[in-house]
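Listed features, source Swiss-Prot:
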type	residues	note
BINDING	133, 137, 138, 139	(6S)-5,6,7,8-tetrahydrofolate binding site
MOD_RES	242	N6-(pyridoxal phosphate)lysine
SITE	241	site 'Plays an important role in substrate specificity'
């Protein structure tokens with residue numbers, strides 16, 4: 001580079017030293033606004049959480065600069081000695097955390113981790129079974145709008161109408177009839193325990209693989225507050241955020257070496273190129289946090305808080321699907337109140353309580369309307385809420401929903417404003433990122 005073509009030193013210095021606020025004030029303002037929202041609203045979306053400052057720091061590190069196609073010790077690029085350290089730490093910690101023999105920490109998302117299992121084990125057109133989305137399953141478990149439902153033949157099992165629980169005898173009978181190559185246990189809105197042992201017995205009986213997608217309850221498994229699927233499933237997948245409280249991403253676990261080459265090859269080069277090394281570094285940090293004794297207390301508190309919230313709502317006349325919860329989430333059936341999920345979600349958001357509309361089993365409403373709300377406790381538990389606070393949250397939710405049930409337009413501005421002030425007072429007692 002000649003002297004005339006070189007950038008002035010001041011320009012280079014600015015590139016490496018300018019703060020985000022200096023370099024891009026518009027994005028800085030959006031981030032500041034989101035921080036304010038998280039600080040002053042009660043987060044009840046079951047799939048969200050609040051990560052540690054250490055996880056944020058790892059994810060915002062210079063690891064973002066590095067391409068590292070391949071796996072530790074077998075990369076397609078040079079200069080990977082330090083990202084190898086980070087990925088090996090993530091792998092070792094994941095295996096220790098969940099008691100698995102093998103782990104792949106490279107999936108960029110929950111969808112991609114499940115796609116990798118399909119790619120590794122199935123051929124297009126093969127039959128598999130998963131919980132119906134309307135009964136609490138997930139898009140990647142065979143929804144007709146998802147790749148899993150377009151490329152493969154999905155046979156969905158569901159829940160009973162009377163108690164909204166999975167009927168394992170019905171699952172066994174269906175498996176006998178459809179002879180799936182894969183059975184998936186796991187979902188996004190099922191609040192009761194999964195019988196992993198029985199699922200494996202059914203899978204073995206019909207010659208199917210068992211995949212457990214524990215994306216929602218992995219943090220509870222890690223903390224000993226939920227049964228582990230690892231001893232029973234052929235393959236276990238999970239996201240690394242949600243109740244596990246790490247960065248957004250995926251993880252695949254298995255015990256039998258016969259799956260190693262298939263699964264690793266399905267992720268790279270099958271679905272992904274260069275892994276996101278800054279995210280993998282953050283995953284390693286989160287796994288280390290989950291290995292500490294205090295994480296067991298956190299997981300136990302999530303479940304206790306969920307039970308307290310569900311009971312608080314039940315005591316105030318709200319119907320909880322299946323009658324309660326044994327994990328971190330619950331579904332509120334709004335039909336007895338004459339409410340819809342979309343209207344209720346918006347009213348609660350205006351009052352400073354973030355949640356999401358959700359279909360309930362056998363819901364007559366469309367997915368963007370719904371008859372229910374999904375509520376979860378991981379994020380507010382992270383910031384320190386306990387049983388007493390969640391009982392109060394239940395009362396605040398009831399206050400808003402009862403008010404809008406009496407309002408022709410689905411809004412109650414005075415009540416929403418009053419509840420928002422109470423929410424602000426509550427969240428101020430439990431600050432984040434100070």
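Note: Cβ is positioned from N, Cα and C throughout, glycine not excepted.
Projection of Swiss-Prot feature records onto the structure.
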residue: 133; record: (6S)-5,6,7,8-tetrahydrofolate binding site; Cβ neighbours (10 Å): 25
residue: 137; record: (6S)-5,6,7,8-tetrahydrofolate binding site; Cβ neighbours (10 Å): 25
residue: 138; record: (6S)-5,6,7,8-tetrahydrofolate binding site; Cβ neighbours (10 Å): 24
residue: 139; record: (6S)-5,6,7,8-tetrahydrofolate binding site; Cβ neighbours (10 Å): 17
residue: 241; record: site 'Plays an important role in substrate specificity'; Cβ neighbours (10 Å): 25
residue: 242; record: N6-(pyridoxal phosphate)lysine; Cβ neighbours (10 Å): 28
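A straight line from the CA of the residue listed as 'N6-(pyridoxal phosphate)lysine' to the CA of residue 133 ((6S)-5,6,7,8-tetrahydrofolate binding site) spans 19 Å. Those residues of the chain, other than 133, 137, 138, 139, with a C-beta within 8 angstroms of the mean position of the (6S)-5,6,7,8-tetrahydrofolate site C-beta atoms are 130, 131, 132, 140, 141, 142, 143, 146, 187, 188.
For residue 138 ((6S)-5,6,7,8-tetrahydrofolate binding site) paired with residue 241 (site 'Plays an important role in substrate specificity'), the C-alpha to C-alpha distance reads 16 Å.
Distance noted between the C-alpha atoms of residue 137 ((6S)-5,6,7,8-tetrahydrofolate binding site) and residue 241 (site 'Plays an important role in substrate specificity') is 18 Å. Cα of residue 241 (site 'Plays an important role in substrate specificity') to Cα of residue 133 ((6S)-5,6,7,8-tetrahydrofolate binding site): a distance of 21 Å.
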